[in-house]
Amino acid sequence: MNSRVHIEVPADSGFGPAHLPYCVFRPLGEAPRVGARLGDSIIDLAVALDDPMFAQPSLNAFMTQGPQCWREIRERVRVAADSELPATAVHSVRAVRLDLPVEIGDYVDFYASLDHATAMGRMLRPAGEPLLPNWRHLPVGYHGRAGTVVVSGTDIIRPQGQRRTDSGTPDFGPSRRLDIEAELGFIVGAGSELGRPIETDAFAEHVFGVALVNDWSARDIQAWEGQPLGPFLGKSFATTLSAWVTPLDALTEARIPLPPQHPEPLPYLRDDESWGLDIRVRIEWNGQLVSTPPFRRMYWSPAQMLAHMTVNGTSTRTGDLFASGTISGADRSERGSLMEMSWGGTEPIDLNGVQRTFLDDGDEVVITASAPAVGGGHLELGEVRGRIASA
């Protein structure tokens, strides 16, 4: 007779039945498959729902089914989570390996925080306007490198490249100004056709869920190479994605109005129900909390980012990832990068009694986040963790 178990979840858990984030996990000695987290357990969906669609090494086969299927499966998972499950369907989070949850198609990174863009502009162009003329008219972004998106917990090898010297000529070597960027990523589930832009009110028909992102940056390499075409080797070496994907439907309680936008955006960027997300991020550096960036202050909405990304007719694919850009607030305690926290290296951060600016080999950064949950309580959006390895 097969034994059955009921998963007990503390009332204050950030992984309660209102959340149920998805992941791809590997039990010891077994193949990867799709799971949903409840408390400190992972529910094997291929077993619990008796559905081979979840006996897959990524969420892509599920996501490509579209929003009606997403909602139906979420309800089935909720019912299963409230019931007794076959013991073979339940695994401890601590007893499995977590893999990259999606097979990444394309990766786009935005620059959607007014506070971050203003701070960077003041540092890089102290004698000029902090914002470039286009910034309030469109969500600025660039096309990143999908092949170097890695799952949380992957070591980050310090990148090498050209760095400008005091003489004005470059040398070559490991980055001396290695940085983080705390971001929120949005994962496309249902793709779109070439030549058909996605309107702002169609966002939920295409975006499956969200996950935390750390878009590592080599500031010295980026500063030398970035003109005139923008980021390249200073950004393409690694982007860390959380192992946990929070379904969009789990964040309905976190929706809030956008901050005012002036001037009014062009028609394709307007939305009768424009919304942001009340998500509070936490950044820990070698175990010390150094910042709590608020996503609620982001100037451009997720729907506006997707609308702008596709307005020229570009198609999207299942597994595409687009990220918000650095999440920052107005105060130093809310900045989402070390570049901002240390003001370009001129205002060191007290880290466990040592004055620091950028990342050293062996440093570990952990980014977490929380949001209000449907029915009260809160959601924990997992983590993105990375340790710096020498070049």
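Note that the numbers count up from 1, one per residue, in the order the chain is shown.
In case you wondered, yes, glycine gets a Cβ from its N, Cα and C as well.
Pulled from TrEMBL:
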type     : residues                       : note
DOMAIN   : 19-101                         : domain 'Fumarylacetoacetase N-terminal'
BINDING  : Asp109, Glu181, Glu183, Asp215 : Ca(2+) binding site
DOMAIN   : 109-387                        : domain 'Fumarylacetoacetase-like C-terminal'
BINDING  : Tyr111, Arg125, Gln222, Thr326 : substrate binding site
ACT_SITE : His116                         : active site, proton acceptor
BINDING  : Asp215, Lys235, Thr239         : Mg(2+) binding site
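Sequence features, as recorded in TrEMBL, placed on the structure.
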| residue | record | DSSP (3 states) |
| --- | --- | --- |
| Asp109 | Ca(2+) binding site | strand |
| His116 | active site, proton acceptor | helix |
| Glu181 | Ca(2+) binding site | coil |
| Asp215 | Ca(2+) binding site | coil |
| Gln222 | substrate binding site | helix |
| Lys235 | Mg(2+) binding site | helix |
| Thr326 | substrate binding site | coil |
Lowest local Cβ density (other Cβ within 10 Å) among binding-site residues: Gln222, Thr239, Thr326: Gln222
Per-residue Cβ crowding (10 Å cut-off), top of recorded positions His116, Arg125, Lys235: His116
Other CB atoms within 10 A, centred on Asp215 (Ca(2+) binding site): 26
Integer Å distance between the CA atoms belonging to Thr239 (Mg(2+) binding site) and Asp109 (Ca(2+) binding site): 10
Alpha-carbon spacing, Thr326 (substrate binding site) to Glu183 (Ca(2+) binding site), which is rounded to whole Å: 5
For the domain 'Fumarylacetoacetase N-terminal' (19-101), residues assigned helix / strand / coil by DSSP: 32 helix, 25 strand, 26 coil
Gln222 (substrate binding site) versus Lys235 (Mg(2+) binding site) - Cα distance in angstrom: 7
All-chain count of other Cβ atoms within 10 Å of Tyr111 (substrate binding site): 18
Candidates Asp109, Glu181, Glu183: member of the binding-site residues with the richest Cβ shell (10 Å): Glu183
Residues close to Ca(2+) site centre defined by Asp109, Glu181, Glu183, Asp215, Cβ within 8 Å: Ala182, Val213, Asn214, Ser217, Thr239, Ala323, Ser324, Gly325, Thr326
Candidates Arg125, Glu183, Asp215, Gln222, Thr239 (binding-site residues) - the one closest to His116 (active site, proton acceptor) by CA: Glu183
DSSP three-state assignment (helix, strand or coil) for Arg125 (substrate binding site): coil
Cα-to-Cα gap, Glu183 (Ca(2+) binding site) vs Gln222 (substrate binding site), nearest whole Å: 18
